[in-house]
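Taken from Swiss-Prot, the feature topological domain 'Cytoplasmic' applies to 1-9, 70-79, 139-159. Look at Swiss-Prot and you will find 31-48, 101-117, 181-563 tagged as topological domain 'Periplasmic'. Residues or ranges marked as transmembrane segment in Swiss-Prot (evidence: sequence analysis): 10-30, 49-69, 80-100, 118-138, 160-180.
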């Protein structure tokens with residue numbers, strides 16, 4: 001006991017770091033490295049050593065930084081780190097849970113009864129047993145020489161600060177080197193993998209729950225700020241729900257860089273959409289995006305017309321359709337192969353999982369960052385919400401460059417392909433790879449539809465922008481005033497299940513959609529808000545839905561008046 005009292009705060013931090021970093025992460029180490037014995041390589045061995053060291057050093061780095069608040073505050077904060085990590089380790093060990101935004105959001109719910117349902121006697125016993133030793137160390141130690149004390153003491157400043165900085169560098173540098181090595185493998189194989197550092201951060205204590213907690217806090221602050229600054233259509237307008245919406249599933253697929261003039265269903269010479277061509281309940285439109293870059297389009301494509309400024313940065317003025325549906329009683333989950341966190345938080349989704357977090361799931365470890373991973377997440381979401389009135393948002397990588405990385409080898413139908421970023425591909429090679437990626441988009445959308453084919457469901461798809469693929473111009477993101485037309489060409493689709501069409505009003509709305517699609521009526525991003533509301537059957541007596549933008553609007557009354 002005397003030794004415990006006498007050791008410095010720095011030594012105690014290191015002992016705690018070993019306990020939290022190694023012992024509490026034991027189950028994760030076993031799952032991540034258990035298969036290495038059967039398929040061992042030097043790089044796998046190096047990554048195992050790096051991750052073991054990183055979990056210890058990042059915890060040490062954190063505990064030393066917390067000592068900047070002084071002895072008393074450090075004891076409290078360090079105790080919280082131990083307790084939170086011990087609690088998280090229970091679910092990671094016995095339930096194989098990946099601690100991410102969704103878990104933190106669930107823990108932070110105001111519905112205490114629901115939170116208590118996942119806390120049993122075994123959890124309490126584990127929490128006590130695992131946290132007892134480190135808590136005894138923390139509260140029986142004198143906490144001599146905190147970082148705050150050392151920085152105030154001449155002769156100790158440089159050395160104490162250097163130790164902390166060195167710990168941070170020893171975490172960052174090896175992980176960065178392994179990330180670079182992984183990128184080389186990606187370029188050589190054409191396989192897209194999640195960020196190595198991101199997966200590590202989302203896999204281990206305490207960085208997983210700390211990053212998720214930070215994301216949750218940022219989302220709450222951002223949401224609160226937006227609630228105060230953005231116009232809320234759900235409060236400004238009256239939305240009247242149809243009688244049969246409570247058992248409905250809504251899925252919105254946000255496409256990436258896919259062009260309608262490279263899709264077979266729109267008359268393209270190559271059959272890039274064989275599966276969608278077989279969907280009888282699909283209405284597909286030649287669409288035009290509101291901008292030419294993902295971040296900009298996400299600002300303007302899901303708000304009411306005029307809900308984003310017409311300035312270069314597309315300043316938001318109103319809340320988006322997903323936030324409105326949330327306020328109208330829909331539960332919602334968002335799964336993304338991208339990382340536009342500002343947009344994801346603005347949807348007010350109950351659960352958000354982005355690419356690194358999805359890649360850290362045990363079932364996905366070692367797999368490419370493939371849009372099909374979102375289908376697995378969607379299955380989980382549907383299973384958790386068996387009663388309907390549920391929204392699922394899927395943000396894909398679609399046909400984003402490098403096109404060849406967007407699809408597995410089995411979809412390499414057109415060759416030669418464009419391999420690598422710096423390979424100086426010809427236009428024909430780029431088009432071959434791009435068209436292969438479109439075929440995989442077709443496969444993905446069809447797979448999503450399969451998940452809700454037997455449910456009362458409606459599925460929307462819209463790509464965020466188009467792409468230039470020619471000798472003069474490549475990619476996208478050209479300022480919209482100067483952008484060529486192909487950067488605005490996006491497919492937009494609506495699919496309704498047979499059960500959804502059993503309702504006469506929905507069947508009538510779909511007939512209108514098919515009529516407009518057959519007439520090749522062009523559609524725009526700015527019509528999505530009103531279309532989603534209208535196709536779900538919502539009405540607004542005070543202007544909350546612009547019927548001119550509602551694709552499902554039946555213009556009978558207008559035609560009668562004209563006659």
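Start at 1 and count along the chain as shown; that gives each residue its number.
Placed from the backbone N, Cα and C atoms, the Cβ positions cover glycine too.
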Ranked first among 10-30, 80-100, 118-138, 160-180 for CB pairs under 8 angstroms with the transmembrane segment (49-69): 10-30
Chain residues outside the transmembrane segment (80-100) and at least six past its termini with a C-beta under 8 angstroms from it: 16, 20, 24-28, 31, 59, 62-63, 66, 122-123, 126-127, 130-131, 134-135, 138, 202-203, 205-206, 208-209, 212, 353, 357, 360-362
Residue numbers, six or more beyond the limits of the transmembrane segment (118-138), whose CB comes under 8 Å of its CB atoms: 4, 12, 15-16, 19-20, 23-24, 75, 78-79, 82-83, 86-87, 89-90, 94
Stretch-averaged pLDDT - the topological domain 'Cytoplasmic' (139-159): 88
Same-chain residue ranges lying at least 6 outside the topological domain 'Cytoplasmic' (139-159) that approach it to Cβ under 8 Å: 1, 4-10, 12, 64-65, 67-71, 74-75, 79
Secondary structure tally of the topological domain 'Cytoplasmic' (70-79) (DSSP, helix then strand then coil): 9 helix, 0 strand, 1 coil
